[in-house]
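*Asks:* The following block contains the structure, expressed as structure tokens.
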Amino acid sequence: SDLRQILATKSVENIQFLPFLTTDANNLSWLGYGCLKGDGTLITVNAIGAALQTLYILVYLYYSPAKRPVLLQVLLLLAVVVTGYSYFTILVDTGTRLTHLGLFCSIFTITMYLSPLADLAKVVRSKSTRCLSFPLTVTTFVASSSWTLYGLQLRDPYITVPNVPGIVTSLVRFWLFQRYRPEKDKPY
């Protein structure tokens, strides 16, 4: 719905960029983990996710009035991905590569799930959830719950553990939407 809103209004106003940037990096990291592990589910889901997030970034960049900060964040993401790839292929031996990459992915996933909470103080101060995306919150809850169950099924702590904060942060955001209903929104 955020992408639809950008296309309809030709504006990125009130739409956060950081969660989608971190989600793209997260998808790319998990894609690497899935390839290394040989897990078709991880590969398929994260390849599609990375493609969609990259599309979102391109559309956001196109409609953003301030392109420089967006480009700098994208370049920082690319630097992190290239550095991570170099580290895991050059410096980490094959025997521990999956463990190191799983830990890296776990940390990145936790970061991704916590990034929308950066606006928590703004929401409480303004008593408005206008800066939070309800569809993103629903999607995050469904995705983190699904990955938690998948990780439990595989007995893979690198998939299970980092998705639990996604459930918790989604519940916090649902509570904020309940507490500060959109119809009670005041203009900033």
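Cβ atoms here come from the backbone N, Cα and C positions, even for glycine.
According to TrEMBL, the protein carries these features:
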type	residues	note
TRANSMEM	43-63	transmembrane segment
TRANSMEM	70-88	transmembrane segment
TRANSMEM	100-120	transmembrane segment
TRANSMEM	132-152	transmembrane segment
TRANSMEM	158-176	transmembrane segment
*Asks:* Counting CB pairs under 8 Å, which listed stretch among 70-88, 100-120, 132-152, 158-176 touches the transmembrane segment (43-63) the most?
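*Replies:* Ranked by Cβ pairs under 8 Å, first place goes to 70-88.
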*Asks:* Using a Cβ cut-off under 8 Å, which residues of the same chain at least 6 positions beyond either end of the transmembrane segment (70-88) come close to it?
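*Replies:* Same-chain contacts beyond the flanks: 17-18, 21, 24-25, 28-29, 32, 57, 60-61, 64, 97, 100-101, 104.
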